[in-house]
Amino acid sequence: MKPVYERFIENPDFTKSEFVELIKCAEDPEAVRKLKEEAVRIREIYYGKKVFTRGLIEYTNYCKNDCYYCGIRKSNTNAKRYRLTEDEIMACCENGYELGFRTFVLQGGEDAYYTDDRMVEIIKKIKEAYPECALTLSIGEKSYESYKKFREAGADRYLLRHETANEEHYRKLHPEKMSLAVRKNCLYDLKKLGYQVGAGMMVGSPYQTTEDLAEDLVFLKELQPEMVGIGPFIPHHDTQFAKEPAGSVEMTLFLLAVIRILLPKVLLPATTALGTMDPLGREKGLQAGANVVMPNLSPVKNRKQYELYDNKICTGEEAAECRGCMGRRVASVGYELVTERGDAV
Ligand code: SAM
Ligand code: FES
């Protein structure tokens, strides 16, 4: 019988047990090489050498949730909290627009200050000022009605990582009142409302098993999201996972390649967490099938405060520096950072 990675390349419609077998190949250099080669071949069929760029605006680090891994969790009393004003958010967009960004991502903790009405106002304002730009929200779990209001106000895309598709694992990463079922339901609601949807998981989060990762892949196959965000887990010193080991760069790259093959047209970022774990992590991500980067547009004065994990990169640079740096990084591996919305094909 052919090796499992060759069978996957021929027909990626794998079951959970086949994914388990596939993930075990992450330590086989020949399998890794073949999968990355295939991932790059596929991304180039759909996206050529283009890399899309998203301007990330981290607009609040207040959060009502208490995910055990996250530095901005409610119980971290050492976190210095901030919220951007509407004017500050608009200034980030203006700066980003001038630098060539045509997608803005509003990301934040689950902050009750931003009521549906406030969010709708901000969404409308951004879409009126920049009608040709795509607006992505990454603001957590909301009701169907709230998602509907945001969609009607003009939001185009929504990022909500499922974090782990295994119920038991989910419970080890989150307090009791959070639930995987609710999170998955949110993703299906977002799909119904016509958002381009992004799911995803951390790689190497505490207690994660190969079986859990296989379940993540099965879930992604079922959900068919337009975007998938994955990055290594990185400990934060003020959480109970402070002493846990970080996720591996190699496993993240392996999974990026697998996800590209599984969902050929997916928009797949080479994440900041990957760049934090390895100075060339984002470049390596692009060489494993990623086709999106998300430089930071948040005001420099607040960047360190949006500390999800330790040693996060790009916290001291101005947006223009970040844009320039990213352009050079992308070019260094033979790709081109482009100025376009970069919708799913
Ligand atoms: N509140 C929104 C939500 O829940 O989707 C968006 C913000 S949340 C901080 C963004 C993502 O950061 C999470 O989905 C999680 O995967 C990631 N994250 C949080 N803590 C992390 C850590 N310690 N290491 C790596 N990624 C982390
Ligand atoms: Fe932010 Fe390099 S991408 S400084």
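Backbone N, Cα and C define each Cβ position, glycine as well.
According to TrEMBL, the protein has these features:
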- C63, C67, C70: [4Fe-4S] cluster binding site (BINDING)
- S138: (3R)-3-methyl-D-ornithine binding site (BINDING)
- E163, R183: S-adenosyl-L-methionine binding site (BINDING)
- 49-271: domain 'Radical SAM core' (DOMAIN)
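Shown on the structure are the features that TrEMBL records.
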residue	record	Cβ contacts under 8 Å, 6 or more apart
C63	[4Fe-4S] cluster binding site	C70, I72, R73, K74, G108, G109, E110, D111
C67	[4Fe-4S] cluster binding site	R73, E163, L173, H174, P175, M178
S138	(3R)-3-methyl-D-ornithine binding site	V105, L106, Q107, G108, Y158, L159, L160, G198
R183	S-adenosyl-L-methionine binding site	E141, L160, H162, E163, Y170
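In the three-state DSSP scheme, R183 (S-adenosyl-L-methionine binding site) is classed as helix. Of the chain residues outside the [4Fe-4S] cluster site list C63, C67, C70, N65, D66, Y69, G71, I72, R73, K74, G109, L308 have their Cβ within 8 Å of the site's Cβ mean position. Secondary structure at C70 ([4Fe-4S] cluster binding site), taken from DSSP and collapsed to helix, strand or coil, is coil. For ligand 1, the nearby binding-site residues are C70, S138; that is, of C70, S138, R183, these have a C-beta under 6 Å from one of its atoms.
The Cβ neighbour count for E163 (S-adenosyl-L-methionine binding site), using a 10 Å radius over every protein chain in view, is 23. The DSSP secondary structure for S138 ((3R)-3-methyl-D-ornithine binding site) is strand. In the three-state DSSP assignment, the secondary structure recorded for E163 (S-adenosyl-L-methionine binding site) is strand.
DSSP gives C63 ([4Fe-4S] cluster binding site) a coil state; it is part of no helix or strand. There are 24 other Cβ atoms within 10 Å of the Cβ belonging to C70 ([4Fe-4S] cluster binding site).
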